[in-house]
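Below is one structure; the comments refer to it alone.
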Amino acid sequence: GLFGVLAKVASHVVPAIAEHFQA
């Protein structure tokens, strides 16, 4: 469902943001 898609997107977006803040 929509929540599954949202969770999948978040699981990609969150690490990307974390890399930007750590780099």
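Each Cβ is built from the backbone N, Cα and C atoms, and glycine gets one as well.
Annotation note: A23 (alanine amide) sits in a coil segment as assigned by DSSP. The Cβ of A23 (alanine amide) has no same-chain neighbour under 8 Å that is 6 or more residues away in sequence. The feature alanine amide is assigned by Swiss-Prot to A23.
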